[in-house]
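The annotation transmembrane segment is assigned in TrEMBL to 42-65. Annotation source TrEMBL lists region 'Disordered' at 74-111. Taken from TrEMBL, the feature domain 'Peptidase M1 membrane alanine aminopeptidase' applies to 356-579. Among the features that TrEMBL reports, Zn(2+) binding site is placed at H428, H432, E451. Taken from TrEMBL, the feature active site, proton acceptor applies to E429. As annotated by TrEMBL, site 'Transition state stabilizer' applies to Y515. Per TrEMBL, domain 'ERAP1-like C-terminal' is recorded for 663-972.
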Amino acid sequence: MGLNDSSPGAMRNGRGLSDQWAESVVVRPRTTERHITVHKRLVLGFALSILTLIIVTAVAVVLSVRFEECAGQDRDGVTGESGSRGSGGSAKLNGSRGERTGERADEEAVQPWRNSRLPGTVRPRHYDLRLAVYMDNFTFSGEVSIELECINATRFIVLHADRLEVDRVSVTAEGGAGGRPANRPGGGAMRVHRHFPFPANQMYVVVLHRELKPMRVYRLNVSFDAAIEDELLGFFRSSYTLQRERRYLAVTQFSPIHARKAFPCFDEPVYKATFSLTLRHDPQYTSLSNMPVESSSLSDEDGWVTNRFARTPRMSTYYLAWAVCNFTYRETQTNSGVTIRLYARPDAISSGAGDYALHITKRLLGFYQDYFKVQYSLPKLDLLAVPKHPYAAMENWGLSVFVEQKILLDAEVSSSSYQMELTMVVVHEICHQWFGDLVTPVWWEDVWLKEGFAHFFEYVGTDFLFPKWNMEKQRFLTDVLHEVMLLDGLSSSHPISQEVEQATDIDRVFDWIAYKKGAALIRMLANVMGQPLFQKGLNDYLLSHMYSNAARDDLWSKLSQAMRSEGQDINIGEMMDRWTLQMGYPVITITKNQSEQLPTHYITIKQEHFLYGQEVRSNNSLQWQVPLTVAVGNTSTVCLESLIWINNKTETHRIGQMDDNTWLLGNINQTGYFRVNYDLQNWKLLIQQLHTKPQIISVGNRAGLIDDAFNLARAGYLPQGVPLQLIGYLPEETSFLPWHAASRALYQLDKLLDRTEEYSLFSDYVLKQVASRYHQMGWPTNGPGNEGNILQASYQTEELQRELIMLACSFGNKQCHRQAVAYISDWISSNKNRIPPNIRDIVYCTGVSLMDEDVWEFIWMKFHSSNAVSEKKILLEALTCSDNTFLLNRLLNLSLTSDLVPEQDVIDVIIHVGRNPQGRNLAWKYFREKWDVLNARYGEALFMNSKLISGVTEFLNTERELNECLHGLKEQRQKPNTRAVMEKKICILMRPSRRGNS
């Protein structure tokens with residue numbers, strides 16, 4: 001595409017005069033010479049006057065331009081160069097001196113690029129993007145032509161660009177918003193005054209001589225060059241080894257704000273547009289994108305292939321995706337004609353490692369179409385398994401990208417927990433094709449609108465695939481509800497919807513509050529509404545906002561309409577705003593008030609903000625609208641629950657007939673997002689019930705009672721003895737879920753006590769609780785062909801057996817240790833791994849911790865020789881279990897300084913070393929020393945930094961360690977660098993953790 005140069009020396013877009021000058025020319029009639037008589041001195045004076053006027057005007061113009069350029073240079077951190085490459089011949093958006101503080105809104109109106117958000121004066125309608133990808137030197141060049149609609153008159157086109165070397169820029173007028181062609185001389189070309197980067201906001205600015213007019217369509221053309229980076233964001237490269245040959249691929253990761261690293265664009269979710277992509281590359285590679293290939297051609301000159309992909313639907317920039325690789329694939333097709341392909345390394349495809357994910361994806365597309373009553377919008381869906389990726393997966397529309405560990409499955413060596421995790425990742429990403437791709441949150445403050453729904457449907461969709469797993473009613477409680485309430489009870493928590501202004505703030509909204517609390521609130525709402533009305537509201541929401549954007553109020557409106565359609569006048573928005581705009585959650589305290597005069601009984605219900613640490617609960621002004629379900633029971637029966645809406649701090653309600661032996665139970669099946677406390681007599685009755693006939697209380701509520709009791713005691717609402725008395729019934733517990741809830745609570749205590757004199761008493765107590773059930777369940781047998789395959793195994797039984805073995809080995813059961821050592825010894829001597837896949841991680845870790853250095857070297861060797869991604873993962877984690885600090889130090893150093901440890905696994909290595917009591921101080925020290933390297937590599941990747949920081953500080957809970965952190969922060973306060981930011985983040989994390997643990 002030929003683009004006009006906008007440098008000062010070039011002709012003005014093919015016209016000899018500027019638009020303004022040309023329009024001011026007036027043609028006058030000629031005057032004959034005989035009518036003109038002028039004195040020579042008058043002519044000379046007049047000429048001198050004209051010359052003086054011209055000189056003064058020229059000086060004024062020069063000074064004005066220089067002033068504008070200097071102002072741009074001083075304030076913006078860029079030069080006012082009007083040349084084709086911006087500052088110093090290069091438009092690379094890095095190394096900026098940054099903005100000066102104190103800028104005001106009026107300046108932002110004059111210079112809209114100074115605002116952190118795009119001005120909204122123009123909107124993209126369509127991108128025509130053409131890229132040439134050079135895999136030999138990892139660079140690419142591109143041309144993008146963006147069709148724009150002008151909303152408000154402006155001389156500035158402001159869009160995003162980051163690390164792009166912009167070459168040429170041109171703008172043409174296309175016509176009216178309805179598509180009328182421009183009928184102007186010069187083909188509608190507009191004069192570009194200058195164009196320059198503004199690195200502080202990752203923006204690129206095009207300044208025009210004339211204003212764009214509202215309701216008119218224009219075309220912005222930009223050519224650029226960039227590198228295919230090695231940092232997992234934007235358009236980045238990865239590699240793998242096949243038959244001892246290193247092979248490379250390149251793939252995109254644009255969420256949340258990294259499309260701007262690959263092409264100039266309006267990189268905010270609300271600026272949806274259609275995209276036409278063309279990729280040119282070496283023919284040995286295959287190229288993929290969101291849509292199918294529309295046309296393909298080979299060049300006669302260099303033999304390169306050019307693939308043009310079909311036009312996409314309207315979507316946000318961060319869902320555009322492409323990849324250049326030499327993968328192979330397997331495919332299937334849905335009943336509605338959607339082609340599904342899974343692309344991966346050729347050896348992974350030939351081994352069938354992708355078949356499981358391909359199979360469940362086909363089923364899931366049908367499930368979601370039936371559930372939402374909205375068809376999948378694209379003709380194909382590709383699943384791409386890459387060796388290296390910053391996240392588990394990314395839901396690009398029509399081209400979802402997964403890290404290999406989350407999509408490739410070797411059924412012979414994979415455990416049931418690995419298969420379950422892989423299943424849920426696929427379920428999550430397929431849900432995003434509706435919640436995210438089709439309907440996108442307006443802005444990042446409501447990211448939970450897509451992530452909360454996808455996380456909730458991980459459990460609903462998995463239940464569709466495998467109903468016997470009962471994920472939504474059981475595993476959701478421990479893995480989502482209990483986990484996020486632990487975080488949301490800290491004083492450092494935040495509302496699920498939080499304001500986001502700067503680009504640097506976007507990463508903080510992608511946390512477990514958005515994912516897990518979002519899922520928990522959606523589950524609570526679904527139970528309040530009932531399944532049919534919930535589905536009806538979601539269908540209306542998706543149909544009303546498809547190919548567009550939505551905010552939380554749009555969702556509340558559609559759900560309220562669904563309720564009203566059945567005569568239920570519940571204002572969903574009024575109810576849910578309390579849950580989404582306030583941090584935390586309430587603890588509901590229920591006490592019995594028995595009246596001697598009345599045959600019926602009343603209960604007093606009180607709500608208050610639940611927080612760990614009594615010292616932070618002084619100002620308790622938050623209130624919620626709480627849908628509380630309550631049941632009453634005794635030793636032989638339980639009555640049906642009733643729903644009570646709690647709107648005030650304290651309320652009294654009639655509950656029906658009760659006597660001294662009747663207990664109350666709140667939050668039936670834990671559908672609500674809150675904790676429930678009782679008077680001590682009611683706790684005593686519930687504990688007696690669990691010890692005599694626990695099955696009277698549902699398995700979900702048994703798990704909930706354990707989690708609530710431990711956390712209420714930790715926060716000071718209950719005496720510490722209550723939860724320990726409660727779990728005294730566990731030797732009689734036959735279900736996995738209560739054991740899993742107890743295990744999580746006991747590991748929290750383990751973190752606190754493992755460096756104290758009382759630790760042996762605690763570990764003996766745990767082993768006493770575990771012993772009888774552990775010996776009864778025993779160890780799994782390794783039968784031929786079906787071990788570890790959850791499609792054939794009893795999931796609940798396997799998980800309970802695994803939980804008991806993990807507890808027994810972790811807390812020092814001698815028989816458990818002997819069995820693990822025997823398995824490892826047999827593997828080494830026979831070179832046959834007979835360890836059942838479902839417990840391999842436990843056996844590997846236990847063996848490495850108890851046996852000598854030769855076992856560590858054996859596991860290290862197996863890690864490098866294994867081709868199964870699930871096996872490599874647990875082998876690497878096992879290496880972190882050693883008691884030998886030399887080996888742990890060696891592993892830490894190898895992880896960051898060599899290719900022996902995959903880049904995406906480095907953070908997990910550091911975290912797992914930190915969980916080892918012998919490696920805790922090593923990981924903490926290594927983390928602080930290597931922070932700059934780690935931050936440079938992973939700093940922009942969502943979750944990476946927060947995951948690393950929380951991981952290495954997970955077991956740091958002493959006064960000395962907090963003081964060490966604060967001392968480091970004080971030293972760094974004078975150094976405005978990333979380490980100071982790191983120190984501050986760590987101290988913030990440690991402070992609430994200490995309060996909660998004290």
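Note: Cβ is positioned from N, Cα and C throughout, glycine not excepted.
Since we're looking at a predicted model, the values are computed, not measured.
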Cβ within 8 Å of the mean position of the Cβ atoms of H428, H432, E451: remaining residues of the chain near Zn(2+): E395, E429, C431, F435, G436, K450, F453, A454, H455, E458, Y515
Among all protein chains shown, how many Cβ atoms are found within 10 Å of the Cβ of H428 (Zn(2+) binding site), not counting that one? 24
10 Å Cβ neighbour count around H432 (Zn(2+) binding site)? 22
List of residues, in chain order, with Cβ under 8 A from that of Y515 (site 'Transition state stabilizer') and at least 6 apart: W448, E451, G452, H455
Just how many other Cβ atoms lie inside 10 Å of the Cβ on E429 (active site, proton acceptor)? 26
